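**Q** I'd like to ask some things about the structure below.
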Amino acid sequence: MTPSVHQVLPTSAYYAPGVVSTAPRLLHVSGQPGTIEGTAPADYNSQIHLALVNLHRVMAAVGATVRDVIKLTYYIVNYDPNHRLHTRPLQTWLTGHRPAMTLVPVPSLAVPGWLFEIEATVAVPESVPSSLALTQPTEDVDVLVIGAGLSGLMAAETVLQAGHSCLVLEGRDRVGGKTWSCPLPSGEGVIDLGAAWINDTNQSMMIELARRAGAELIEQNTTGNCLLQREDGAVTGFPYGQTPRITAQMQSEMEAIRDIAEADCQALDCRHPRDTTLDSLSFLAYLHSRDASPAAIANASVWTRAMLGQEPQDVSALYFLNYCKSGGGLLQMRSDRKHGAQYLRVRQGTQIFAKTLAAGLPEGTIRLGERVTAITQKERGVTLVESKGRVIQARKVICSAPTPVLKTIRFDPPLPAKKQLLVDSFRYGYYTKVMLSFRSAWWVTRGYCGLAQSFCGPASIYRDTSSPADGKWVLTAFLAGDAGRKWSELGSQREREQALLRQLGEMYGAGDLPKREFIEAMGHEWSTEELSGWGCPCPALPPGVLSAAGDALREPFRDVHFVGTETAEEWKGYMEGAVRSGRRGGLEAVKWLSRSNL
Ligand SMILES: Cc1cc2nc3c(=O)[nH]c(=O)nc-3n(C[C@H](O)[C@H](O)[C@H](O)COP(=O)(O)OP(=O)(O)OC[C@H]3O[C@@H](n4cnc5c(N)ncnc54)[C@H](O)[C@@H]3O)c2cc1C
């Protein structure tokens, strides 16, 4: 759709000096405060997130998105120009769109406790009927699956096993989505640019798939000490499984918050997480509300970075705690041992799972290089899907494209308001893995297991991802959150590599040993890829959205069913969640098809 809001003068700021709108109808939104069910949290940053969600809900009701915003006016109580906390959530929300803006400092707002209020003028998008309805379909199929990642392939297998015809359209030139295994340029072995770890106890579908694929599993190395690098660069060693003992006081502060977060996440309903108090807060505000000390906050910030690539002030506390619960709890998700999320790796690489699923489907089921651009639902049981200018008719569609990618698919009729709110709000943080290959496992000979975490970066975490059988000695650096994003802005690949080798030398007190042992580095910028939704490993939600629209997550839209790891009830964000969601979506379609065949 052609945008109806245009900037008047170019600017480097995140707002425009003026905009012109060609929209025939305008929506004027009253001041929206940062409340949830009428209550405002004490935390200022969380109120900003909530006010934006409240504004977004009004916009979604007329089918408008952030790109349709013409003018924003926001009112800030006790405004401090040296502490412009509103810019970060606003810029993130605007995702590059630049409306006209005015900030009005005020002594108070309508209700005591309100600290932020926002009003808007928005262009109401015109609904242009899709031309697909007039196009003759070239093919007809029972179920069309969008995407050949793990969720899409599992959905296709489920549909085919039930005896229905199925076609999978994949935009990339390969299967596997966020699993992507490549050979190391020099030497033996394979590295995973995407997902790497599974376990053999509570990830039942993945371990079954591993058996089917004949995967050789490598147990994560947890023998030896770990390291913690603090904000000032000082380093503390500690045995695997314990919290770092910077001082006895700091250790007990970190453990106390860990135990509180574990208890709070265990108390949530995995399938329908409901807690407006938790959802009214960012995870950072939640930590403050639990009296977390600076050391405990620094430690807990590594969790949101390492698990979602998010800074704790950007993600809803309810979303993060539910994410942890979906993987059995914070402790289990952080663990590299038996039952933990990082227990086993795959010698052949995890793309073997998608390749195995794909090989089991009848020839011709998967078409690569076919990006879906439009979905038109004519009547019950008749959905038209466009790819490369051709139209295919399906009785059911299963969409496994990551939720942020749905912005690039034209839906006619448009997605329901709650689903659109999810599509616009789900976003990835910054998350990249870089695999650094060395001539030897020099960290092992110095008595370390390779697990190291940092409060300052550039990498937040390192893990040993060696494959001894291949003579492959690798440390994987996790570049996540703000420090990772900053690292990604370094000029050249060599500068980025050198920054990591320097950090390793400092952490291990090893001088230039890492540089001398270094062979090569491999990584992938998932944040630049439209088909991954501009990020990985799993999109997350800011405060307020889960309460407003969480029930639309797995809800089909007429004949379009939604799968993908973020829709999973268990192991959200992981391969296990992806295959479970794929099975669920496949069964939903099969159930309807079986009933309609009676
Ligand atoms: C760096 C990284 C590390 C990770 N670490 C782990 C880990 O250790 N353990 C773990 O379990 N998980 C991990 N994950 C997460 C895991 O990879 C994902 O949860 C899982 O692979 C997601 O599968 P999916 O099918 O839901 O989505 P995807 O894999 O994203 O698949 C969606 C597919 O849809 C296609 N597509 C998108 N839009 C369109 C369109 N319009 N038309 C046609 N096709 C389209 C895409 O190309 C893609 O192939 C990691 C991911 C990354 C990237």
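Glycine is treated like the rest: Cβ placed from N, Cα and C.
Unlike curated entries, TrEMBL annotations are predicted automatically.
Feature annotation from TrEMBL assigns domain 'Amine oxidase' to 150-584. According to TrEMBL, the FAD binding site annotation covers S151, V372, E566. The substrate binding site annotation in TrEMBL covers F478.
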**Q** With every protein chain in view, what's the tally of Cβ atoms within 10 Å of the Cβ of F478 (substrate binding site), excluding that atom itself?
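**A** The answer is 22 other Cβ atoms.
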**Q** How big is the Cα-to-Cα gap, in Å, between V372 (FAD binding site) and F478 (substrate binding site)?
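**A** About 32 Å separate the Cα atoms of these two residues.
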**Q** State the count of C-beta atoms found within 10 angstroms of the C-beta of V372 (FAD binding site), not counting that atom itself.
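**A** The answer is 23.
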**Q** Between the binding-site residues S151, E566, whose Cβ has more other Cβ atoms within 10 Å than any of the rest?
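**A** Of S151, E566, the one with the most crowded Cβ is S151.
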**Q** How many Å lie between the Cα of S151 (FAD binding site) and the Cα of F478 (substrate binding site)?
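**A** So the Cα of F478 (substrate binding site) lies 24 Å away from that of S151 (FAD binding site).
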**Q** Across the domain 'Amine oxidase' (150-584), what is the average pLDDT of the model, as a whole number?
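**A** Here the mean pLDDT over the domain 'Amine oxidase' (150-584) amounts to 96.
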